[in-house]
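Below is one structure; the comments refer to it alone.
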Amino acid sequence: MKLFFPALLSLGALGLCLAASKKSVRWCTTSPAESSKCAQWQRRMKKVRGPSVTCVKKTSRFECIQAISTEKADAVTLDGGLVYDAGLDPYKLRPIAAEVYGTENNPQTHYYAVAIAKKGTNFQLNQLQGLKSCHTGLGRSAGWNIPMGLLRPFLDWTGPPEPLQKAVAKFFSASCVPCVDGKEYPNLCQLCAGTGENKCACSSQEPYFGYSGAFKCLQDGAGDVAFVKDSTVFESLPAKADRDQYELLCPNNTRKPVDAFQECHLARVPSHAVVARSVNGKEDLIWKLLVKAQEKFGRGKPSGFQLFGSPAGQKDLLFKDSALGLLRISSKIDSGLYLGSNYITAIRGLRETAAEVELRRAQVVWCAVGSDEQLKCQEWSRQSNQSVVCATASTTEDCIALVLKGEADALSLDGGYIYIAGKCGLVPVLAESQQSPESSGLDCVHRPVKGYLAVAVVRKANDKITWNSLRGKKSCHTAVDRTAGWNIPMGLLSKNTDSCRFDEFLSQSCAPGSDPRSKLCALCAGNEEGQNKCVPNSSERYYGYTGAFRCLAENVGDVAFVKDVTVLDNTDGKNTEQWAKDLKLGDFELLCLNGTRKPVTEAESCHLAVAPNHAVVSRIDKVAHLEQVLLRQQAHFGRNGRDCPGKFCLFQSKTKNLLFNDNTECLAKLQGKTTYEEYLGPQYVTAIAKLRRCSTSPLLEACAFLMR
């Protein structure tokens with residue numbers, strides 16, 4: 001692993017200053033074989049003078065979750081299904097390191113859940129009723145959650161409170177599902193090979209437990225189908241001739257060879273992960289232990305002890321035998337982000353009633369950023385008779401994360417955030433189309449979206465300022481990572497100065513979302529009580545287009561980076577708030593890139609760039625339903641809707657631009673631009689990618705890890 005792991009280990013070692021003395025990681029084990037390996041690991045770590053590891057004996061992974069939560073243990077490696085359970089109340093554990101699979105040249109932090117059958121048996125995935133099945137274990141990803149989620153339409157099951165196990169026991173003629181209560185569901189333990197109390201045990205004491213065990217159940221002829229992962233058959237059968245006796249069952253009810261798992265699988269599943277407490281979890285110490293252990297006992301090391309290996313006759317003790325190593329997981333990633341919405345939806349679908357599943361599919365969960373948006377969203381929800389319901393987060397990135405986890409479905413984003421959301425796998429659904437003199441309300445939904453102009457605004461009286469003399473001036477921004485307020489002007493400035501030190505180029509700023517201690521937040525004011533200073537939501541009075549212009553209008557900043565209509569919307573009586581009611585359009589001018597200045601009304605010939613309109617984003621599986629719901633809502637509450645202004649208006653706000661821009665005429669179709677790259681355009685995407693060298697986004701970094 002010369003190419004891969006030295007770089008991997010050096011990343012993890014940075015910034016780790018914890019003294020190993022008097023500190024120990026208590027690793028949780030679930031069988032005598034794991035306890036034996038853990039004890040050997042403990043002795044080996046002492047020899048190399050690494051961080052101390054001690055071993056805590058439990059009888060199941062679930063007992064380990066409880067022990068870690070109550071601070072009686074510190075770490076254990078879990079399958080994705082148990083990562084989900086561990087992340088719930090009251091445990092609140094989070095994944096801190098992911099197992100890496102694949103090859104040195106193509107390392108992966110995921111695997112594929114597959115269904116395998118012997119060649120010549122001729123049944124398909126939709127013909128499993130009455131057959132015999134082999135599973136890795138109850139509640140595990142590849143062996144239970146994914147296949148049962150896929151088979152739910154075929155099960156005679158209305159959902160809780162009736163146990164899923166009861167429906168599965170009726171569906172298959174016999175099974176081996178380790179970890180099931182064999183007394184209550186004898187049919188689900190009928191095929192298991194353990195003896196006495198070990199029959200159907202939730203550990204390697206049951207010979208058919210885990211991936212290799214479930215495949216052995218198929219090999220031995222006990223079962224007709226095995227639910228395992230893509231690498232299981234390769235690990236169990238090194239010879240291709242032997243593997244050729246088996247086939248994959250595909251979701252489209254065909255079969256493929258076992259090496260075609262990328263085209264024929266039940267789901268893409270995140271790899272097993274080490275979990276720890278989310279508070280006081282010894283995360284740095286655990287990672288320091290794992291770094292040293294990989295360095296000394298990892299894949300390809302000459303030591304007699306192998307961290308990712310098990311003695312003859314044993315499999316997957318403490319870690320998967322197939323793991324190449326471990327990658328540290330960003331602190332931004334909780335269990336929901338790690339697992340992703342598809343996997344979580346599968347799990348929830350197996351725990352909810354049919355009515356609950358249908359309600360969740362029918363509703364749209366809108367994500368509101370901050371308390372002001374939450375209030376507007378709640379009113380929308382009431383007026384829509386719960387067709388739309390609300391989730392809330394304090395920042396736009398946190399809302400994007402909720403959509404990724406399936407805890408929300410959509411929100412409307414500025415182009416800069418569309419870039420981040422797109423990099424995380426979300427897609428645009430509908431675009432905000434603004435009013436213009438040539439607009440026609442009748443064709444707004446189908447009219448191509450024009451985009452808007454990003455501009456730099458100054459007070460007319462401050463006549464010495466030009467685009468070329470901004471160094472040392474005070475600036476007002478909509479928010480970090482937003483298009484007109486940050487990405488476009490900062491991209492141009494970094495290109496001109498070849499520097500990313502914006503806090504040195506500008507004397508002071510209000511750029512919501514920056515470090516509150518930095519000069520980039522020095523001009524921010526927070527709310528009327530002085531709280532929430534520099535937060536990237538409407539609790540910061542200088543946030544957004546209107547807020548950035550207010551920062552300029554109140555003589556706090558010298559220049560405001562906004563869009564072309566911002567000044568028009570807030571002067572000459574258009575905005576009746578106290579701070580804006582006396583502002584005159586003629587008191588402001590635009591800075592042109594050639595060093596001249598022009599009236600605000602001449603933005604067409606004096607702007608920084610053309611920016612893509614805001615757009616609604618969601619997960620790809622929600623696009624069709626979301627578009628249908630939003631167009632229906634728009635017919636009621638849009639600018640010309642039959643219930644606006646009588647009941648509620650989507651495109652009006654008590655404070656400016658909540659949920660959508662107030663000057664939105666309609667939500668328009670995308671004209672075939674269905675990916676973030678197509679919607680934003682190649683020039684904008686390239687510009688953002690270059691600007692990314694100047695700043696980091698925790699969510700972007702998290703998504704880069706998750707999408708690897």
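First residue shown is number 1, and so on along the chain.
Every residue gets a Cβ built from N, Cα and C, even glycine.
According to Swiss-Prot, the feature signal peptide maps to 1-19, an assignment based on similarity to another entry.
Annotation comment: Swiss-Prot describes 25-352 as domain 'Transferrin-like 1', evidence class sequence analysis.
Around CYS64 (disulfide bond), the same-chain residues at least 6 positions away in sequence with a Cβ under 8 Å from its Cβ are CYS28, THR30, VAL56, LYS58, ALA73, VAL76. Sequence annotations record features per position, and here Swiss-Prot assigns disulfide bond to CYS28-CYS64 (among others).
Summarising the annotation, Swiss-Prot assigns disulfide bond to CYS38-CYS55 (among others). Within 10 Å of the C-beta of CYS55 (disulfide bond) we count 20 further C-beta atoms, all protein chains included.
Sequence annotations record features per position, and here Swiss-Prot assigns region 'Interaction with E.coli ompC' to 44-51. Mapped onto DSSP helix, strand and coil, the region 'Interaction with E.coli ompC' (44-51) counts 4 helix, 0 strand, 4 coil.
DSSP assigns TYR111 (Fe(3+) 1 binding site) to a strand. Per Swiss-Prot, the feature Fe(3+) 1 binding site maps to ASP79, TYR111, TYR211, HIS272.
Close to LYS92 (active site) in the fold, though at least 6 residues off in sequence, lie SER69, ARG277, SER278, VAL279, each with a CB less than 8 Å from its CB. Mapped onto three states, the DSSP output places LYS92 (active site) in coil. For LYS92, the entry in Swiss-Prot reads active site.
Residues or ranges marked as disulfide bond by Swiss-Prot: CYS134-CYS217 (among others). In the three-state DSSP classification, CYS134 (disulfide bond) falls within a strand. Counting every protein chain shown, the number of other Cβ atoms lying within 10 Å of the Cβ of CYS134 (disulfide bond) is 29.
According to Swiss-Prot, the hydrogencarbonate 1 binding site annotation covers THR136, ARG140, ALA142, GLY143. Take the CB of ARG140 (hydrogencarbonate 1 binding site) and look out to 10 A: across all protein chains shown you find 28 other CB atoms.
The Cβ neighbour count for CYS179 (disulfide bond), using a 10 Å radius and every protein chain shown, is 24. According to DSSP, CYS179 (disulfide bond) is assigned to coil rather than to any helix or strand. Annotation comment: Swiss-Prot describes CYS179-CYS202 (among others) as disulfide bond.
As annotated by Swiss-Prot, disulfide bond applies to CYS189-CYS200 (among others). A coil conformation is recorded for CYS200 (disulfide bond) in the three-state DSSP classification, outside any helix or strand. In sequence order, CYS176, VAL177, PRO178, CYS179, VAL180, GLY182, LEU188, CYS189, CYS192, GLY194, GLU206 are the residues near CYS200 (disulfide bond), counting only same-chain partners six or more apart with C-beta under 8 A.
Positions annotated as N-linked glycosylation site by Swiss-Prot, on the basis of experimental evidence: ASN252 (among others). If you take the C-beta of ASN252 (N-linked glycosylation site) and look for same-chain residues 6 or more apart in sequence within under 8 angstroms, you find none.
Feature annotation from Swiss-Prot assigns active site, nucleophile to SER278. Counting Cβ atoms from all protein chains shown, SER278 (active site, nucleophile) has 18 others lying within 10 Å of its own Cβ.
The domain 'Transferrin-like 2' (364-693) scores a mean pLDDT of 94 in the predicted structure. Among the features that Swiss-Prot reports, domain 'Transferrin-like 2' is placed at 364-693, with the record citing sequence analysis.
Secondary structure from DSSP puts CYS390 (disulfide bond) in a beta strand. Sequence-distant neighbours of CYS390 (disulfide bond) (same chain, 6+ apart, CB under 8 A from its CB) are VAL365, TRP366, CYS367, ALA368, GLN374, CYS377, GLN378, TRP380, SER381. The disulfide bond annotation in Swiss-Prot covers CYS377-CYS390 (among others).
In this view, ASN385 (N-linked glycosylation site) is surrounded by 7 other Cβ atoms within 10 Å of its Cβ, with every protein chain counted. Secondary structure at ASN385 (N-linked glycosylation site), taken from DSSP and collapsed to helix, strand or coil, is coil. Feature annotation from Swiss-Prot assigns N-linked glycosylation site to ASN385 (among others); the stated evidence is sequence analysis.
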* Asked: How far is it from TYR211 (Fe(3+) 1 binding site) to ASN385 (N-linked glycosylation site), counting Cα to Cα, in Å?
  -> 47
* To do: Fewest other Cβ atoms within 10 Å: which of the disulfide-bonded residues CYS28, CYS217, CYS377, CYS500 wins that one? Let me know.
  => CYS500
* **Minimum Cα separation from CYS500 (disulfide bond), reported as the residue among binding-site residues TYR111, GLY143, ASP414 that achieves it** => ASP414
* Under 8 Å by Cβ from GLY485 (hydrogencarbonate 2 binding site), same chain, sequence gap 6 or more -> HIS477, THR478, ALA479, ALA511, TYR545, ALA548, PHE561, VAL562
* Residue list, the region 'Interaction with E.coli ompC' (44-51) vs rest of chain: Cβ under 8 Å, 6 or more residues beyond ends. => 20, 23-25, 285, 288-289, 292-293, 296-297, 303, 305
* Asked: When a 10 Å sphere is centred on the Cβ of CYS38 (disulfide bond), how many other Cβ atoms does it contain?
  -> 20
* Structure fact -> Comparing local Cβ density (other Cβ atoms within 10 Å) for the recorded positions CYS202, ALA484, CYS644, CYS666, CYS703 points to ALA484
* To do: Would you list, in sequence order, the residues of this chain other than THR136, ARG140, ALA142, GLY143 that have their CB within 8 A of the centroid of the site's CB atoms, where the site is the one recorded for hydrogencarbonate 1?
  => ASP79, GLY81, ALA113, HIS135, GLY137, SER141, TRP144, ASN145, GLY210, TYR211, ALA214, PHE227, VAL228, LYS229
